[in-house]
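Annotated active site, proton acceptor per TrEMBL: 149, in sequence order. As annotated by TrEMBL, Zn(2+) binding site applies to 157, 160, 218, 221. Among the features that TrEMBL reports, domain 'Deacetylase sirtuin-type' is placed at 24-317.
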(Lines of atoms letter the chains of each structure in order from A and count residues from 1; the text may use other names and numbers.)
(Lines give C-alpha, C1' and ligand atoms only; values in the text may rest on other atoms or scores of the structure.)
Protein backbone atom coordinates (compact mmCIF):
# COMPACT_ATOMS: atom_id res chain seq x y z
CA UNK A 1 0.00 0.00 0.00
CA UNK A 2 1.49 3.31 -1.07
CA UNK A 3 0.72 6.84 0.04
CA UNK A 4 -0.33 8.83 -3.01
CA UNK A 5 -1.23 12.45 -3.60
CA UNK A 6 -4.79 12.67 -4.92
CA UNK A 7 -5.45 15.19 -7.67
CA UNK A 8 -9.17 14.74 -8.18
CA UNK A 9 -11.97 16.53 -6.39
CA UNK A 10 -14.10 14.31 -4.19
CA UNK A 11 -17.44 15.10 -5.82
CA UNK A 12 -17.57 15.45 -9.56
CA UNK A 13 -21.31 15.67 -10.15
CA UNK A 14 -24.62 15.69 -8.32
CA UNK A 15 -25.14 11.97 -8.97
CA UNK A 16 -22.38 11.25 -6.45
CA UNK A 17 -24.09 13.12 -3.62
CA UNK A 18 -25.28 10.96 -0.71
CA UNK A 19 -28.96 11.82 -0.44
CA UNK A 20 -29.29 10.02 2.92
CA UNK A 21 -26.45 11.87 4.58
CA UNK A 22 -27.38 13.54 7.88
CA UNK A 23 -25.72 16.94 8.32
CA UNK A 24 -26.58 18.57 11.67
CA UNK A 25 -27.13 22.32 11.53
CA UNK A 26 -25.90 23.12 15.04
CA UNK A 27 -23.19 22.10 17.48
CA UNK A 28 -25.80 20.96 20.01
CA UNK A 29 -27.48 18.69 17.46
CA UNK A 30 -24.08 17.37 16.38
CA UNK A 31 -23.14 16.51 19.96
CA UNK A 32 -26.41 14.68 20.46
CA UNK A 33 -25.99 12.64 17.28
CA UNK A 34 -22.47 11.62 18.30
CA UNK A 35 -23.55 10.69 21.82
CA UNK A 36 -26.16 8.41 20.26
CA UNK A 37 -23.44 6.88 18.09
CA UNK A 38 -21.21 6.07 21.06
CA UNK A 39 -24.06 4.79 23.27
CA UNK A 40 -25.55 2.54 20.60
CA UNK A 41 -22.30 0.78 19.63
CA UNK A 42 -21.27 -0.60 23.02
CA UNK A 43 -17.59 0.29 22.84
CA UNK A 44 -17.22 -0.87 19.24
CA UNK A 45 -16.56 2.56 17.70
CA UNK A 46 -13.31 2.59 15.75
CA UNK A 47 -11.84 6.11 15.58
CA UNK A 48 -9.68 7.32 12.68
CA UNK A 49 -7.97 10.68 13.20
CA UNK A 50 -6.20 12.98 10.75
CA UNK A 51 -4.28 16.24 10.86
CA UNK A 52 -7.43 18.24 11.62
CA UNK A 53 -7.49 17.02 15.21
CA UNK A 54 -4.07 18.56 15.88
CA UNK A 55 -4.70 22.05 14.49
CA UNK A 56 -5.70 23.30 17.95
CA UNK A 57 -2.21 22.29 19.07
CA UNK A 58 -0.70 24.70 16.56
CA UNK A 59 0.08 22.05 13.94
CA UNK A 60 -1.54 22.95 10.59
CA UNK A 61 -3.40 20.37 8.54
CA UNK A 62 -3.12 19.81 4.81
CA UNK A 63 -6.54 20.51 3.34
CA UNK A 64 -8.48 22.43 6.00
CA UNK A 65 -9.42 26.12 5.65
CA UNK A 66 -5.85 27.13 6.60
CA UNK A 67 -4.16 23.95 5.45
CA UNK A 68 -0.79 23.63 3.78
CA UNK A 69 -2.24 22.87 0.35
CA UNK A 70 -4.72 25.75 0.66
CA UNK A 71 -2.23 28.43 1.72
CA UNK A 72 0.46 27.29 -0.70
CA UNK A 73 -0.92 25.78 -3.89
CA UNK A 74 2.62 24.99 -5.05
CA UNK A 75 3.47 22.94 -1.96
CA UNK A 76 4.47 19.35 -2.56
CA UNK A 77 5.78 16.92 0.06
CA UNK A 78 8.98 14.99 -0.35
CA UNK A 79 8.58 11.58 -1.97
CA UNK A 80 10.21 8.41 -0.72
CA UNK A 81 12.23 7.79 -3.88
CA UNK A 82 13.62 11.35 -3.71
CA UNK A 83 14.78 10.97 -0.12
CA UNK A 84 16.20 7.48 -0.65
CA UNK A 85 18.13 8.21 -3.82
CA UNK A 86 19.25 11.85 -3.85
CA UNK A 87 21.63 13.57 -1.41
CA UNK A 88 20.24 17.04 -2.13
CA UNK A 89 16.72 15.98 -1.22
CA UNK A 90 17.99 14.56 2.08
CA UNK A 91 19.81 17.80 2.78
CA UNK A 92 16.64 19.77 2.16
CA UNK A 93 14.53 17.44 4.30
CA UNK A 94 16.88 17.26 7.27
CA UNK A 95 17.53 21.03 7.27
CA UNK A 96 13.82 21.82 7.39
CA UNK A 97 13.16 19.03 9.87
CA UNK A 98 16.03 20.21 12.06
CA UNK A 99 14.50 23.67 12.30
CA UNK A 100 10.98 22.37 12.82
CA UNK A 101 11.68 19.64 15.36
CA UNK A 102 11.89 21.84 18.51
CA UNK A 103 8.58 23.50 17.61
CA UNK A 104 6.98 20.12 16.99
CA UNK A 105 8.36 18.69 20.22
CA UNK A 106 7.13 21.71 22.17
CA UNK A 107 3.55 21.33 20.90
CA UNK A 108 1.11 19.61 23.25
CA UNK A 109 -2.07 17.55 22.90
CA UNK A 110 -5.28 19.57 22.89
CA UNK A 111 -8.75 19.13 24.36
CA UNK A 112 -9.85 16.81 21.55
CA UNK A 113 -7.01 14.37 22.23
CA UNK A 114 -7.83 14.36 25.94
CA UNK A 115 -11.53 13.86 25.21
CA UNK A 116 -10.79 10.78 23.11
CA UNK A 117 -8.52 9.44 25.84
CA UNK A 118 -11.36 9.91 28.31
CA UNK A 119 -13.83 8.14 26.03
CA UNK A 120 -11.41 5.29 25.42
CA UNK A 121 -10.69 4.77 29.13
CA UNK A 122 -14.45 4.59 29.71
CA UNK A 123 -14.84 1.89 27.05
CA UNK A 124 -16.67 3.93 24.41
CA UNK A 125 -13.88 3.48 21.83
CA UNK A 126 -12.60 0.19 20.43
CA UNK A 127 -9.29 1.62 19.22
CA UNK A 128 -7.78 4.75 17.68
CA UNK A 129 -6.08 4.66 14.30
CA UNK A 130 -4.24 7.87 13.49
CA UNK A 131 -2.72 9.25 10.32
CA UNK A 132 -0.76 11.70 12.44
CA UNK A 133 2.91 11.38 13.37
CA UNK A 134 2.88 13.69 16.43
CA UNK A 135 2.13 11.10 19.17
CA UNK A 136 -0.44 13.44 20.75
CA UNK A 137 -2.83 10.57 21.38
CA UNK A 138 -0.24 8.72 23.46
CA UNK A 139 0.78 11.92 25.25
CA UNK A 140 -2.84 12.58 26.20
CA UNK A 141 -3.19 9.14 27.77
CA UNK A 142 -4.75 7.04 25.02
CA UNK A 143 -3.59 3.45 24.86
CA UNK A 144 -2.82 1.03 22.05
CA UNK A 145 -2.73 3.55 19.21
CA UNK A 146 -2.27 2.27 15.67
CA UNK A 147 -0.05 4.78 13.87
CA UNK A 148 -0.92 4.36 10.22
CA UNK A 149 1.94 6.56 9.01
CA UNK A 150 4.47 6.05 11.80
CA UNK A 151 5.94 8.53 14.27
CA UNK A 152 8.45 11.36 14.14
CA UNK A 153 9.98 10.36 17.48
CA UNK A 154 12.30 7.79 15.90
CA UNK A 155 14.53 7.43 12.87
CA UNK A 156 15.87 4.25 11.33
CA UNK A 157 18.57 3.18 8.88
CA UNK A 158 17.32 2.17 5.45
CA UNK A 159 20.23 -0.27 5.15
CA UNK A 160 20.48 -2.15 8.45
CA UNK A 161 17.35 -1.00 10.29
CA UNK A 162 19.21 0.56 13.23
CA UNK A 163 16.81 2.69 15.28
CA UNK A 164 17.75 5.99 16.87
CA UNK A 165 15.70 8.51 18.84
CA UNK A 166 14.93 11.67 16.88
CA UNK A 167 15.87 13.86 19.87
CA UNK A 168 19.35 12.32 19.97
CA UNK A 169 19.77 12.88 16.24
CA UNK A 170 18.79 16.52 16.73
CA UNK A 171 21.82 17.05 18.98
CA UNK A 172 24.08 15.46 16.38
CA UNK A 173 22.69 17.72 13.66
CA UNK A 174 23.35 20.76 15.86
CA UNK A 175 27.00 19.76 16.25
CA UNK A 176 27.36 19.18 12.50
CA UNK A 177 25.69 22.46 11.51
CA UNK A 178 26.75 25.41 13.72
CA UNK A 179 25.41 28.07 11.32
CA UNK A 180 22.05 26.35 11.07
CA UNK A 181 22.08 26.03 14.85
CA UNK A 182 22.38 29.82 15.09
CA UNK A 183 19.36 30.11 12.82
CA UNK A 184 17.48 27.68 15.05
CA UNK A 185 18.31 29.72 18.15
CA UNK A 186 16.71 32.77 16.52
CA UNK A 187 13.56 30.71 15.92
CA UNK A 188 13.52 29.56 19.53
CA UNK A 189 13.97 33.17 20.72
CA UNK A 190 10.98 34.23 18.63
CA UNK A 191 13.02 36.42 16.29
CA UNK A 192 11.90 34.29 13.35
CA UNK A 193 8.45 32.72 13.14
CA UNK A 194 8.37 30.07 10.41
CA UNK A 195 5.32 28.01 9.50
CA UNK A 196 5.43 24.46 10.85
CA UNK A 197 4.16 21.74 8.53
CA UNK A 198 2.05 18.75 9.64
CA UNK A 199 5.02 16.43 9.15
CA UNK A 200 7.26 18.45 11.47
CA UNK A 201 9.37 20.45 9.03
CA UNK A 202 9.09 24.19 8.41
CA UNK A 203 8.48 26.35 5.39
CA UNK A 204 11.52 28.30 4.20
CA UNK A 205 11.62 30.90 1.40
CA UNK A 206 11.82 29.67 -2.16
CA UNK A 207 15.43 29.58 -3.31
CA UNK A 208 16.90 28.75 0.11
CA UNK A 209 20.13 26.81 -0.32
CA UNK A 210 20.62 23.63 1.67
CA UNK A 211 24.05 22.81 0.26
CA UNK A 212 25.81 23.52 3.55
CA UNK A 213 23.62 21.24 5.66
CA UNK A 214 25.29 18.09 6.96
CA UNK A 215 23.61 14.92 8.24
CA UNK A 216 24.99 11.76 9.81
CA UNK A 217 25.08 8.33 8.17
CA UNK A 218 24.14 5.28 10.23
CA UNK A 219 26.46 4.73 13.20
CA UNK A 220 25.76 0.99 13.09
CA UNK A 221 26.62 0.07 9.49
CA UNK A 222 28.56 3.26 8.62
CA UNK A 223 27.08 3.84 5.16
CA UNK A 224 23.33 3.52 5.66
CA UNK A 225 20.90 6.44 5.42
CA UNK A 226 18.82 7.49 8.41
CA UNK A 227 15.19 8.21 7.59
CA UNK A 228 12.42 9.35 9.95
CA UNK A 229 10.16 6.45 10.87
CA UNK A 230 7.17 7.93 9.07
CA UNK A 231 5.60 6.93 5.78
CA UNK A 232 6.59 9.28 2.96
CA UNK A 233 4.45 9.80 -0.11
CA UNK A 234 5.13 6.97 -2.52
CA UNK A 235 6.28 4.64 0.27
CA UNK A 236 4.67 1.30 1.13
CA UNK A 237 2.82 0.88 4.41
CA UNK A 238 3.89 -2.26 6.27
CA UNK A 239 1.70 -5.29 5.66
CA UNK A 240 1.38 -5.78 9.42
CA UNK A 241 -0.19 -2.33 9.76
CA UNK A 242 -2.48 -2.90 6.80
CA UNK A 243 -3.61 -6.28 8.15
CA UNK A 244 -4.28 -4.86 11.60
CA UNK A 245 -6.50 -2.14 10.15
CA UNK A 246 -8.49 -4.80 8.29
CA UNK A 247 -9.00 -6.76 11.52
CA UNK A 248 -10.07 -3.64 13.39
CA UNK A 249 -12.62 -2.69 10.74
CA UNK A 250 -14.02 -6.21 10.64
CA UNK A 251 -14.48 -6.23 14.42
CA UNK A 252 -15.95 -2.75 14.87
CA UNK A 253 -19.60 -1.73 14.63
CA UNK A 254 -18.99 1.78 13.34
CA UNK A 255 -16.18 4.16 12.35
CA UNK A 256 -15.82 7.77 13.43
CA UNK A 257 -13.45 9.82 11.26
CA UNK A 258 -12.10 12.97 12.93
CA UNK A 259 -10.17 15.72 11.14
CA UNK A 260 -9.35 13.88 7.94
CA UNK A 261 -10.35 14.57 4.34
CA UNK A 262 -9.45 10.92 3.60
CA UNK A 263 -7.55 12.16 0.58
CA UNK A 264 -4.75 9.62 0.93
CA UNK A 265 -5.80 6.13 -0.07
CA UNK A 266 -4.25 4.58 3.04
CA UNK A 267 -6.97 6.29 5.09
CA UNK A 268 -9.77 6.11 2.54
CA UNK A 269 -9.37 2.34 2.10
CA UNK A 270 -10.28 1.91 5.80
CA UNK A 271 -13.55 3.75 5.33
CA UNK A 272 -14.19 2.03 2.01
CA UNK A 273 -13.77 -1.38 3.65
CA UNK A 274 -16.10 -0.37 6.46
CA UNK A 275 -18.69 0.67 3.90
CA UNK A 276 -18.30 -2.60 1.99
CA UNK A 277 -18.88 -4.50 5.25
CA UNK A 278 -21.99 -2.50 6.07
CA UNK A 279 -20.53 -0.58 9.02
CA UNK A 280 -21.92 2.81 10.01
CA UNK A 281 -19.58 5.69 9.15
CA UNK A 282 -19.62 9.14 10.77
CA UNK A 283 -17.27 11.99 9.88
CA UNK A 284 -16.24 15.15 11.74
CA UNK A 285 -14.31 17.40 9.38
CA UNK A 286 -14.28 21.00 8.27
CA UNK A 287 -15.03 20.73 4.57
CA UNK A 288 -15.67 18.00 2.07
CA UNK A 289 -14.08 14.56 2.41
CA UNK A 290 -13.50 11.65 0.11
CA UNK A 291 -15.78 9.52 2.30
CA UNK A 292 -18.85 11.75 2.50
CA UNK A 293 -20.78 9.57 0.07
CA UNK A 294 -20.14 6.50 2.23
CA UNK A 295 -21.17 8.02 5.56
CA UNK A 296 -24.54 8.37 7.27
CA UNK A 297 -23.46 11.35 9.40
CA UNK A 298 -21.26 14.30 8.38
CA UNK A 299 -20.49 17.05 10.89
CA UNK A 300 -18.88 20.25 9.67
CA UNK A 301 -17.93 21.77 13.04
CA UNK A 302 -14.53 21.88 14.80
CA UNK A 303 -13.86 18.73 16.78
CA UNK A 304 -12.74 20.86 19.72
CA UNK A 305 -16.29 22.20 20.00
CA UNK A 306 -17.72 18.68 20.11
CA UNK A 307 -15.53 16.00 21.65
CA UNK A 308 -14.96 17.52 25.13
CA UNK A 309 -18.71 18.01 25.60
CA UNK A 310 -19.40 14.47 24.40
CA UNK A 311 -16.82 12.98 26.74
CA UNK A 312 -18.09 15.07 29.63
CA UNK A 313 -21.69 13.95 29.15
CA UNK A 314 -20.97 10.29 28.53
CA UNK A 315 -18.47 9.81 31.35
CA UNK A 316 -20.91 11.32 33.86
CA UNK A 317 -23.65 8.82 33.04
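Backbone N, Cα and C atoms are what each Cβ position is placed from, and that goes for glycine too.
Ranked by Cα separation from the residue listed as 'active site, proton acceptor', the binding-site residues 157, 160, 218, 221 are led by 157.
Residues belonging to the domain 'Deacetylase sirtuin-type' (24-317) score a mean pLDDT of 92 in the model.
Remark: of the binding-site residues 157, 160, the most isolated position is 160 (fewest other Cβ atoms within 10 Å of its Cβ). For the binding-site residues 218, 221, counting C-beta atoms within 10 A of each C-beta gives the highest total at 218. Neighbouring residues of the recorded Zn(2+) site, listed in sequence order and excluding 157, 160, 218, 221, comprise 158, 159, 161, 162, 217, 219, 220, 222, 223, 224 (Cβ within 8 Å of the Cβ centroid). Other Cβ atoms within 10 Å of the Cβ of the residue listed as 'active site, proton acceptor' number 21 in total over all chains.
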